[in-house]
């Protein structure tokens, strides 16, 4: 049984475990009392619980679906509830609706492109899912091209579907990525760390060389600097950041800036 009694707790959980949450019903509730959280009948209506990656709702229970550390983020206004998710270092990506990913076009099938996103099956991408695309004005997409897009359909019963436009029909940075540059893969945990607001690693890398960089939630990074040597250095630094302490990272960036 997994217990999350502290804010931002980092308890290790395993697949199949049932999540126990503290149910502080009010000021008279006992601080040590920990009861099974029933999503259908929460004591306080405001205590809304959101299941993030690694958790699955099964009836009125929360089940753990992958191994890792249990994380919790309280809602802005307080009042209990919040978001719970499992932070793990997995490499296999499971498509999630709304995620922005980097895919590789593997085939053309009628009006659809098949895109490898690193999941259990390829995603489909319509030729009309690009800004300004029409039946007469088709996008120039070839097999082997890199695509940056987002999922609009992603569940276990259907093939995932991608688009390269936002809700207003604009590309907003999505579409075919340039031919130059380097594509490499990292763990999903590192991607989430790099995409965090005000990430120190990204700020430090931006001071080294002028660069273009694209992050995909599926664990893929595309980076391009002025020279091949600079591009390889950036890729190696990003991969190594996952296993370095803050002090080690600062020493590496100091050496690179001096050279």
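A Cβ is built for glycine as well, from the same backbone N, Cα and C atoms used for every other residue.
Please treat TrEMBL annotations as automatic predictions, because they have not gone through curation.
Per TrEMBL, domain 'Exosome complex component RRP40 N-terminal' is recorded for 12-89. According to TrEMBL, the domain 'K Homology' annotation covers 181-228.
Broken down by DSSP into helix, strand and coil, the domain 'K Homology' (181-228) contains 15 helix, 15 strand, 18 coil. A mean pLDDT of 90 is what the model gives for the domain 'K Homology' (181-228).
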